[in-house]
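Quick look at what TrEMBL annotates:
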type	residues	note
ACT_SITE	436	active site, proton acceptor
DOMAIN	141-252	domain 'Acyl-CoA oxidase/dehydrogenase middle'
DOMAIN	286-451	domain 'Acyl-CoA oxidase C-alpha1'
DOMAIN	503-669	domain 'Acyl-CoA oxidase C-terminal'
């Protein structure tokens, strides 16, 4: 019988066997702000207010109250550390929120309400509202979704009827299905809502959906204002510190000036008019809102990284089965099946990071250039950014949600415990495939843009013209890819598994797949229209294939971002080698998973070589697996997992968590004694 494993020693051995400089990778992931991040984390973790004691036994009211206390203390620390709260996408703001390692019910105030004020309100309105928002005298939420309408914004039933005589709007939710339902922070936290409603002008004309700032609670007492019925929608699968709410508005009157007026307004004479702003102003507003969606890609990377950290560390200290000598138990991380199960998600996490970073930097650069007057942005470029964010949000959040669950399963029975950290991580993250556009709906947005590009090529606009109009766009590769389809349809020849471990080759075949699927779908749609079918019907019939278009495009964007990073020389030596291995594994596993898409792109032996190449790369990654998750530099405070502890003391802390559970605070539970006294136990 072998002695039990020394789990701490196993992790120390893993780290000593790694040949990468973990600190160099950490600095990269931190945007070279590692010392600042650790300073922020130290302040948070040393403050009793932010205690991350188990939440499982707390009521929702207790969870919400504790989270609000953390928000208040976080704002205090932000002021002390001179962290601006004006930009929810800034590295320091993100570091601060992540350091809290808890869900804050006021987060959508910064993430949705304030950006809407900045983007959609005119200068006079922003001067009024932003100071109120910055110190949380006004705490806002974004009230778009209704009980009966989500993605179909044009179908929203809430109305804002303008009264010329009083220069005011009357806001109403006239039906049960028009009740605002799901907005975060609405239930109990917010005192003001950015309400999306159908604008009915003084002539009775419907001017479509617009944004309105609607006070819903008294700023002093926090009681609902007259005509306002507001509350929490109830317990959810997870994310229960957030007070997702419902809102009924019964002829609530707001002044004309509470309509968001940057792009349109009802003027003092009661006339509806569009504001003729310069083109750059409209684009800046749109780009600012796109940065919020770009954060979802970054969140996918972070959540998946946490899951990988827990599961890979645990797999390194958990032993099961014997080695060839029969005297020593194997670490389960040495089983190739476990590596195949986990390392693909590790590669995805890094891939999502580089893609999220690239698109955020691109958005910031465009915003800065337009503001300074040094850069112009075309409608095609704006559409391309929208297409990229739509497909990346859908792809990354889907993979992350699936990956967290699969990482949990890879930890066996212990992964099912709350103490593993997975239940909170999993149930909190599972909302992301739905929020900001359902992942089955968003591919349509990407498909429309890419089909527009295809149409320009097919309709004979001329290659030079199309290239000029789409220069600098993520979808630019499709122009050459579509042209090559007609010139050369020969399959790529992969001579061996080793030859498949090539980032440039993998990127090339991913681009070929994307180009081919787009042409196939475009041809199918044109055939349907040629037979006399209505566009809406043809589009509906094509949705499954359009999702394939989006998915293939995402694969290219993700691989391209990783390739761009590898060429940037931000890392060198063994660290760069480790990144290349992760990039190759990501690309290889995309091909392996979607092998049917590559039948005519690879030769007959190609897919088989890809499968064997996956196994080769897993072996290359194995010695650095623990080092690569250590590089994320998650503290035990953030992970909240007995299985993913940095020191490897899994079983000691697993036992402590059991002993501390409320069920074990008293040895004898009275109902059990009563049950025995009833004589029932004798029948069991």
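Heads up, the Cβ atoms here are built off N, Cα and C, so glycines get one too.
Residue 436 (active site, proton acceptor) is surrounded by 18 other CB atoms, counting those within 10 A of its CB over all protein chains shown. In three-state terms derived from DSSP, the residue listed as 'active site, proton acceptor' belongs to neither a helical nor a strand segment and is classed as coil. Look at the domain 'Acyl-CoA oxidase/dehydrogenase middle' (141-252): DSSP puts its residues at 6 helix, 48 strand, 58 coil.
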